[in-house]
Structures are given as C-alpha cells and as structure tokens.
Amino acid sequence: GSVVASYPYDDSPTHRRTGVYSKSADDEVFKYLAKAYASHHPIMRTGKPNCPGEEEETFPDGITNGAQWYDVEGGMQDYNYVWANCFEITLELSCCKYPPTSELPKEWENNRESLLAFIEKV
C-alpha cells in the first residue's frame, strides 16, 4: 500500500518494472482528477506517504502515472479506460492494506473532503 492517486496508463509498451511514463490520450484529465482528490487529503497532498520500508518514496502533488510508479499488465484501470471509456483513477489510501478498525474513523476524516471534491468534479 501507499497513499497516492494513480492514473492511467498502468501498463507501458516496454513493460519495464518502473519509471516509464505511459501517457494516455486523456492524460491531462486524469491528472486533474487525481489532483482533485490528492490536494484535499492531508497525507496524500504532501507527496510523502512515509510508508514503513518505503520512507524515501515520494509522489509530486500526491499523484503518479501508474506505469511510472510500477508497471501493471492487464489491470482494471487500463481495461476500463480502453474498452469501456471509463475514466477511473486508483486511490491508494493507506500504507496498511488492512488497517485496524480503531483507525477507520481517522481514515474517514483523511478522505472525506477528498471524496467530496472528487464527486464534485464528476
């Protein structure tokens, strides 16, 4: 996990593990939507999720192109965009895949304004 808004494409023509910006035809729209979410999230907007074991990982503006972060072949985000014309971003909301129940109220507060801002853009 991490705390970042990721946008298409997740797959790249070279299939290198990381570091390849895979630009879609709607790249500016995806960046706009990802920033709309990230800019309202208190951790995501810093671009420094500070996840255990990945303390040096950063994401400018709290967003990333999927393939630039890491290449995913055959992912749903790309499939839905290419075959269903569905504009979706992937939200990584926590360093922990399964946060304890006691942390859920804090996670809700971290994401509430981001969700509202994102819905307004839709």
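Backbone N, Cα and C define each Cβ position, glycine as well.
Counting only same-chain residues at least 6 apart in sequence, those with a Cβ under 8 Å from the Cβ of Glu92 (active site, proton donor/acceptor) are Gly1, Ser2, Val3, Val4, Ala5, Ser6, Pro49. The active site, proton donor/acceptor annotation in TrEMBL covers Glu92.
Per TrEMBL, the feature domain 'Peptidase M14' maps to 1-122.
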Within the domain 'Peptidase M14' (1-122), residues counted as helix, strand or coil by DSSP:
52 helix, 14 strand, 56 coil
